[in-house]
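Undergrad: The structure follows.
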Amino acid sequence: MKQQAFDVIVIGGGHAGTEAAAAAARLGVQVALITLERSGIGVMSCNPAIGGLGKGHLVREIDAMDGVMGRVADKAGIQFRLLNRRKGPAVQGPRSQSDRDVYRSEMLAEMESLPNLRILEGEVADLITSGTRIEGVCLADGSEVTARAVVVTTGTFLRGIIHIGNRSFQGGRMGAAPSVRLAERFDSFGLPLGRLKTGTPPRLDKRSIAWDKLEPQPGDEDPTLFSFLSAGPHLRQVHCAVTHTNERTHEIIRKNLSRSAMYGGSIEGVGPRYCPSIEDKVVRFSDKTSHQIFLEPEGLDSTTIYPNGISTSLPEDVQEAYVRSISGLENAKITQPGYAIEYDYVDPRALDAALRVKGFDGLYLAGQINGTTGYEEAAAQGLVAGLNAALEGKGKFLPSRMTSYIGVMIDDLITQGVAEPYRMFTSRAEYRLSLRCDNADQRLTPEGLVLGCVGKERRIKFEKKMGLLDETLKKLKSFEVTPKQANEAGIRVNEDGRRRSGLDLLSLSNVSYESLAATWPELQASTEIAKQAKIEATYANYIERQQRDVMALKKDEEIEFPPRFDFSGLSGLSNELKSKLTAVRPSTLGQAARIEGMTPAALTLLLASLRKAEKRRSA
């Protein structure tokens, strides 16, 4: 029997798998990335876009740890837009349209460039175990690959079923076989499995669209990129276009709801709340007379258009009818029908904060298998699982919800579980004023440097940036003017006799760094540093208050439960909370606080119990 040995095995070459494999490889261990086909690495199975509100934050955080998604998205980007531009930096989200083929080829090139990462083609049929320790995988051809840690990133492939109207067939995505044997192996482990679903719209031939009837949507003239290492777009930039459904569209859909796989009863899994199918929109928002559709090019050399906003599981004839009822799409040709896909996922409450399956050594899960939706959420989990798999037995990388959106997501998943596919939003973070896209490197790159997953190029650029920023902020803090001097410079402040620092002046909404430097040339700084200094000044007072709250909360949040803490034996807790605490087995008081149904009184009881146990141990 053929056998190969590695330190870490990653199953799946999608967005979670590539990030996991690259992260583990950056820590210097030997990595095997096992995928059905090499050509499937980095495939964008759904929309050809990266980022967005909340999601863009995740990409920036991945990049800050020297991850690959941001760099690849910048190389493949054919349109860049900063969403929520009119709002504050804390809730702005970078987004890009990607050339699907370029994204895939650039991601493959990233994987091939890592000297200690090998790509193996094959189907994983089973996991090799010794008791509760995972020691490798068996491939369908009978060969074995061993490792001390395995990261499973199967996406929608676990017992995947594709639905188009009343027609259903097995598939992990259109044109790809599902993973059935691995799902059966998870059954044998007793893991809590559920079913979720997602969908995709029909693809259109751009040559059959009446573009002159549509509203063009250009990208930003001054594009905001994802990677702190990127200088500018690599590809020619293009426009998208906007159209809308109408009452005729809705009537066609309403008349055929019984033929939809979802409304016809074929699908058991729950779909994503924030990316509903067009059937769902028509039913749930019956008062709306139209819904927006974004027509997104799939690449510079591609004739395929992705109509974002009309995913469906209706039969092909109905898809054609409702598409052709839409302005600009009257003669549109469908090149691939839309479909829904239903798949297995593992209840993420079965995982710890390292994304390791509780009760098993060396088994990590990342991506849609954990109940999330979206490329960015998958990649962020891949980063965490890959780093922890490489650190197996030596340490852990546990991002905090106080310092990263990645930490927010993982804490939400392992504490609350999911009733529907989980999507990241800025509203999920309590400390979003300090968890901004612009400072992702300041928050996470130092941690990456300590771990050893950040390369030389990023380290040099980061250290240079921080040196200049620190110097500029010190200069602003030490520079002072009287109210009279400020008013003479056109900066309106109260004549209260109090001197203002440069940072105080810059915090005012109507004061730009450029205007300060024009009046006082000694404050000159580069465009990048000036922009960052303005943001820092704007949020300084808010963040100072937030930081005090964080420190007060952190003091109690980080108190740990002993490994075998008996929640069921605590008198004063409701049976419901005892049951939830026993199922989740939170590792810290902070994690326990976020369990659904937790009360302040119950938290006080838990804290008192922990302190009592600590006193007994130290007596």
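Keep in mind that glycine also has a Cβ here, set from the backbone N, Cα and C atoms.
So Swiss-Prot lists these for the protein:
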- Gly12, Gly13, Gly14, His15, Ala16, Gly17, Val124, Ser179, Gln368: FAD binding site (BINDING)
- 271-285: NAD(+) binding site (BINDING)
Undergrad: Return the residues near Phe285 (NAD(+) binding site) by Cβ distance under 8 Å, restricted to its own chain and a separation of at least 6 in sequence.
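TA: Phe285 (NAD(+) binding site) has long-range Cβ partners His291.
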Undergrad: Just report the maximum Cα pair distance in Å for the recorded FAD binders Gly12, Gly13, Gly14, His15, Ala16, Gly17, Val124, Ser179, Gln368, no decimals.
TA: 18
Undergrad: If H, G and I count as helix, E and B as strand, and all else as coil, what does DSSP give for Gly14 (FAD binding site)?
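TA: Reduced to three states, the DSSP call for Gly14 (FAD binding site) is coil.
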Undergrad: Looking at the binding-site residues listed here (Gly271, Glu279, Lys281), whose Cα lies nearest to that of Ala16 (FAD binding site)?
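TA: Sorting the binding-site residues by distance from Ala16 (FAD binding site), the top entry is Gly271.
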Undergrad: What are the non-local neighbours of Arg273 (NAD(+) binding site), defined as same-chain residues 6+ apart in sequence with CB under 8 A from its CB?
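TA: Listed in sequence order, they are Glu420, Pro421, Arg423.
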Undergrad: Any idea what the Cα distance is from Val283 (NAD(+) binding site) over to Gln368 (FAD binding site), rounded to a whole Å?
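TA: Spelling it out, the Cα of Val283 (NAD(+) binding site) and the Cα of Gln368 (FAD binding site) are 26 Å apart.
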Undergrad: For Phe285 (NAD(+) binding site), name the DSSP secondary structure in the helix/strand/coil scheme.
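TA: Once the DSSP labels are grouped into three classes, Phe285 (NAD(+) binding site) ends up as coil.
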Undergrad: So among Gly12, Gly14, Val124, Gln368, all listed as binding-site residues, which is physically nearest to Lys281 (NAD(+) binding site)? Use the C-alpha atoms.
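TA: Comparing Cα positions, the closest of these binding-site residues turns out to be Gln368.
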Undergrad: Least buried of the binding-site residues Gly12, Gly14, Gly271, going by other Cβ atoms within 10 Å?
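TA: Across Gly12, Gly14, Gly271, these binding-site residues, the one with fewest Cβ atoms within 10 Å is Gly271.
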Undergrad: With Gln368 (FAD binding site) as the reference Cα, tell me which of the binding-site residues Gly271, Cys275, Ser277, Glu279 is the closest one.
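TA: Result: the closest of the binding-site residues to Gln368 (FAD binding site) is Gly271.
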Undergrad: How long is the line from the C-alpha of Gly14 (FAD binding site) to the C-alpha of Gly271 (NAD(+) binding site), rounded to the nearest angstrom?
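TA: Counting only the Cα atoms, the answer is 20 Å.
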Undergrad: Going by DSSP, is Val124 (FAD binding site) sitting in a helix, a strand, or coil?
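TA: The residue in question, Val124 (FAD binding site), is strand (DSSP, three-state).
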Undergrad: Ten-angstrom check, please: count other Cβ atoms within 10 Å of the Cβ of Gln368 (FAD binding site), all chains counted.
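TA: Other Cβ atoms found within 10 Å: 31.
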Undergrad: In whole Å, note down how far the CA of Gly12 (FAD binding site) lies from the CA of Gly271 (NAD(+) binding site).
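TA: A Cα-Cα distance of 22 Å.
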Undergrad: Among the binding-site residues listed here, Ala16, Val124, Cys275, Val283, which has the most company in the form of other Cβ atoms within 10 Å of its Cβ?
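TA: Of the binding-site residues Ala16, Val124, Cys275, Val283, the most buried by Cβ count within 10 Å is Ala16.
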